[in-house]
Amino acid sequence: MAKEIILTGDRPTGKLHIGHYVGSLKNRVQLQNSGDYRSFIMIADQQALTDNARNPEKIRNSLIEVALDYLAVGIDPLKSTILVQSQIPELNELTMHYLNLVTLSRLERNPTVKAEIKQKNFENSIPAGFLIYPVSQAADITAFKATTVPVGEDQLPMIEQAREIVRSFNTIYGKEVLVEPKAVIPKGTIGRLPGTDGKAKMSKSIGNAIYLADEADVIKQKVMSMYTDPNHIKVTDPGQVEGNTVFTYLDTFCKDTETLEEMKAHYSRGGLGDVKVKKFLNEILQAELEPIRNRRKEFQKDIPEVYRILKEGSEKAREVAAGTLKEVRETIGIEYFNNIF
């Protein structure tokens, strides 16, 4: 029986943080090690350039950081194909063909794109490359004939747009060439881990993220300065657990649920200080992140080897994408010279 094919990845705009780790990276490693899937993991540098075109150095520098984070958490290049988007030129031609099947109004209606346009203050001047990136994403997915795409809920509209493109292509040309992917929200993952300041999203620019590469003292400093319940002023005050960032992290990382529930009850009725709770969280995070940090340092000793992994993975992925593009070109009827020379 053929394995399911997975495509997933990240934009290289900085080092990866623990939000990425619990939101997707741990799940990727589990899927990889299950042996049930063929995994393609993309570093989407071209997509990152759609809103960083004037700062390409940021993307170049982040590429190797993301690769190191992948290897550190356990993504194995012998089991998963790690690729760099810009090294697969076939993706660009597929994007061009798919653009002919999508209207401008449909792109503008995509809820994910609309939200990101507002977030990035692009309302008055939307880069064309940014607006069409859902089509580029459809090219990424279909190039490798991915059957499964693990995503968060906010990315579901992107997968639906890819499915529409697949259906349009197959219907117009009367041939089932492209595979319609299904979106899967990984079980056991949290939605989005808030920043250490309690804001909805971790962000490098805000400085509210704990990175996989952070040293132990940096992690401790970030944990001890985390946002808690502003009304929990004295130890004896009853504290609010719900919406308390420290407890949100504990819900995510603490495996001792009995101890955690006792701690929540104690905090809620009063008598348990924030410092003690934060120290408990720090111990848990240190135990989780120390092995990852140590593996990262080992890979960092041989950066040329990391680039070799990326190059070999990209070459392997390109062979697959080239096969899909050939099918697409033949189906459209633009392989003009095949039967002549």
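For all residues, glycine too, the Cβ spot is worked out from N, Cα and C.
Feature annotation from Swiss-Prot assigns ATP binding site to R11, P12, T13, G19, H20, G152, E153, D154, L193, K201, M202, S203, K204, S205. The L-tryptophan binding site annotation in Swiss-Prot covers D140 and is backed by sequence analysis. Taken from Swiss-Prot, the feature motif ''HIGH' region' applies to 12-20, supported by sequence analysis. The feature motif ''KMSKS' region' is assigned by Swiss-Prot to 201-205, with sequence analysis given as support.
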Within-chain partners of the motif ''KMSKS' region' (201-205) [C-beta distance under 8 Å, separation at least 6 from its ends]: 13-15, 17-19, 192-195
Where D140 (L-tryptophan binding site) falls in three-state DSSP terms: helix
Cβ neighbours of L193 (ATP binding site) where a neighbour is any other Cβ within 10 Å: 24
DSSP-assigned states of the motif ''HIGH' region' (12-20) in counts, ordered helix, strand, coil: 3 helix, 1 strand, 5 coil
Cα-Cα distance linking E153 (ATP binding site) and the residue listed as 'L-tryptophan binding site', given in Å to the nearest integer: 19
Residue distribution over DSSP helix, strand and coil in the motif ''KMSKS' region' (201-205): 0 helix, 0 strand, 5 coil
PLDDT averaged over every residue in the motif ''HIGH' region' (12-20): 95
Assigned conformation of E153 (ATP binding site) - DSSP reduced to three states: helix
M202 (ATP binding site), number of other Cβ atoms within 10 Å: 22
C-beta crowding around D140 (L-tryptophan binding site), within 10 angstroms: 27
Tertiary neighbours of R11 (ATP binding site) (same chain, Cβ under 8 Å, six or more apart): A44, D45, Q47, A48
DSSP three-state assignment (helix, strand or coil) for L193 (ATP binding site): coil
Sequence-distant neighbours of H20 (ATP binding site) in its chain (C-beta under 8 A, six or more apart): D10, D69, L212
Binding-site residues compared (T13, E153) - the one with the fewest other Cβ atoms within 10 Å: E153
